[in-house]
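J.: I have a structure I would like to understand better, so I am pasting it below and will then ask my questions one at a time.
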Amino acid sequence: MNKHKKASIIIPAIFVVIFGTILLSYRASIKNKSMIPYKSFISEVEKGNVSEVYISNGETLKVRSKNGITFYTENPRSQTFKERLLLKGVRVHEGGTLSPVEVIPVSIFFVLMFSSIVYFTVKGSKGQSRAFKLSSIEAEPVKDTGISFNNIAGNDEAKESMKELVDFIKNPEKYAKYNARMPRGVILYGPPGTGKTLLAKALAREAGVPYFAVNGSDFVQIYVGVGAGRIRDLFKKAREKGKAVIFIDEIDAIGKKRSARAEGGSDEKDQTLNALLSEMSGFKDREGIVVVAATNRLDVLDDALLRPGRFDRHIEVGLPDINARYKILKLHGRNKPLGENVDLKRLAQMTVYFSGAMLENLMNEAAILAARENSEYITMEHLNKAYSTVLAGAEKKDRSFINDRDKLITAYHEAGHALVTKLVSPENKVEKVTIIPSTKGAGGYTLNIPPDRIYHTRTQLLNNIKIALGGRAAEEIIFGKDEITTGASGDIQNVTNTVLAMIKQYGMFKDTGLLNYDILESQGTVSSGEILKVCSSTVNELYEEVINLLSTNKDKLNKLALKLLEKETIYSDEIDSLVA
Ligand SMILES: Nc1ncnc2c1ncn2[C@@H]1O[C@H](COP(=O)(O)OP(=O)(O)OP(=O)(O)O)[C@@H](O)[C@H]1O
Ligand SMILES: [Zn+2]
């Protein structure tokens, strides 16, 4: 309540400042434009060129010349001034400080100021101010989004995870009976245009519940408390419907890590975020409300959001690989008259790093071109032209990715990791290797380390280092020492962490002994030189080993890399058969 009172003073104050500034600059601009020195004014009077003068107590006087020009001059404030003018036949007006032109903005200013004060005082005194209700977001539920899972191509893993939620919403009683905790929040993360909104819509439709969509930035307000109020409003509306899917796009607008935020306005954001968290913890398990939030980056979100009972399911929605792109193109070409020469497979090949939205855009642009030409069909030529248009419109950082050499380097780098894994620790399953960039970096491989171990052996840790070095080693073998890239920075970070831990915490090297170096360092009894020597000699030796290993298996490395170039993503079965 206090907060609203505060706002009811702030708002008119803002009006006063804005209109005051406008008025002042308006007046200043008039004066600046047509200010003349007093001396020149007098000489004009002497020449008989002045017809009227408006005398006031202000600093300046308004003057009208015989040929109708208005100008201003300094006010001499002398006793004889008026007489002098009258003798020269000048008409003199007294007390007219404001000219008609000035009266208009001044009166607008006062009317607005007055009415806004009245408005906000009256409304503000009614507790939950109605003035804020005016700005309350239009979170009207959509009964049927019209999007089902069939309207989403690719994204198979994300789709599966979302489908699991359908049953939770439909039959919450079933899970409540077993006292299972309902998932309350899901975060979809990944690059723009990859289908996050589609997934949320499909979830609502498939579960047969209303769909509320809002944007995180709608909650970011200047006035403390408004965002939080809107959150409560939204959840109230959803509860009235019983079950629902609430979709919050751009959750980072309210859910950024508290430390990462600028000082200003964080109070408001904290309140909004807290309101969201407490609304979510307030769900009853039978309720059947699921909140789906979307963001481009998971790592910027506040940890409080990601805890169990809040947004505890995190689903990556990545860029489509060649196969998924083909499916998306087919989906968006379904209701379009495609000519015989249209080769969607080839188009899928050309569109590396395109998002689903870009592919949809591509089909649409081609359709527009065909329509403009009154062509019977959409042809490959239209699609090629549209391809250039869409590419030109894409952000630079997206475009620079589309470079065959980068693709080749990524393919060898990732193939290097996968192959070293298979060679040094065949018991580890390589789930998936891809050259499609994810939020984690340019490419990626998913490794399944057998989880049923409490301890890691020295050999395992050394193997992990070798696997991490495999990317850089493959680059060096194929492209040469001088062509190695920055792509290995994440790997090098992992290597450093592992080898340091082996020395400093696990006492796994003879030269550094069975000592905890964190303790020694805190006592100032050790210099980092010794550690550094052991670190670099260990890693160098391992790197040599990896280079040898990959060199002798270069044929397998080539096979893997080429397959990756062709398919962009390969899965464990194929990986195994390629390295067998
Ligand atoms: N996997 C997909 N299958 C089919 N169409 C897709 C797919 N991904 C994106 N699209 C197309 O792109 C459009 C935009 O997708 P959507 O709004 O779901 O992306 P988003 O991930 O929510 O993006 P943003 O982060 O920008 O909000 C969709 O309306 C659809 O036409
Ligand atoms: Zn790597």
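Note that Cβ sites are derived from N, Cα and C of the backbone, with glycine treated the same way.
Note: TrEMBL annotation is automatic and uncurated.
Relevant sequence annotations retrieved from TrEMBL are reproduced here:
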TRANSMEM  7-26  transmembrane segment
DOMAIN    182-321  domain 'AAA+ ATPase'
BINDING   Gly190, Pro191, Pro192, Gly193, Thr194, Gly195, Lys196, Thr197  ATP binding site
BINDING   His413, His417, Asp491  Zn(2+) binding site
ACT_SITE  Glu414  active site
J.: Running a distance check here. Ligand 1 versus the binding-site residues Thr197, His417, Asp491: which have CB less than 6 Å from one of its atoms?
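T.: Checking each Cβ against ligand 1, the ones under 6 Å are Thr197.
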J.: Consider the recorded positions His413, Glu414, His417, Asp491 and say which one has the Cα lying nearest the Cα of Thr197 (ATP binding site).
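T.: Spatially nearest to Thr197 (ATP binding site) by Cα position is Glu414.
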J.: A 10 Å Cβ contact count, applied to the binding-site residues Thr194, Thr197: which residue has the minimum?
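T.: Candidates: the binding-site residues Thr194, Thr197. Fewest Cβ atoms within 10 Å: Thr197.
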J.: Out of His413, Glu414, His417, which of these recorded positions is nearest Thr194 (ATP binding site) by C-alpha distance?
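T.: Nearest candidate: Glu414.
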J.: Between the recorded positions Glu414, Asp491, where is the Cβ count within 10 Å the lowest?
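T.: Candidates: the recorded positions Glu414, Asp491. Fewest Cβ atoms within 10 Å: Asp491.
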J.: In whole Å, note down how far the CA of Glu414 (active site) lies from the CA of Pro192 (ATP binding site).
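T.: So the alpha carbons of Pro192 (ATP binding site) and Glu414 (active site) sit roughly 24 Å from each other.
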J.: For Lys196 (ATP binding site), name the DSSP secondary structure in the helix/strand/coil scheme.
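T.: The residue in question, Lys196 (ATP binding site), is helix (DSSP, three-state).
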J.: Excluding Gly190, Pro191, Pro192, Gly193, Thr194, Gly195, Lys196, Thr197, please set out which residues of the same chain place their CB within 8 Å of the center of the CB atoms of the ATP site, keeping sequence order.
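T.: Counting only non-site residues, the set is Leu188, Ala294, Val317, Ser355, Gly356, Ala357.
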J.: If I take every residue in the domain 'AAA+ ATPase' (182-321) and average their pLDDT values, what number comes out?
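T.: Averaged over the domain 'AAA+ ATPase' (182-321), per-residue pLDDT gives 85.
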J.: Have a look around Gly190 (ATP binding site) and count the other CB atoms within 10 A of its CB, chains all included.
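T.: That number is 23.
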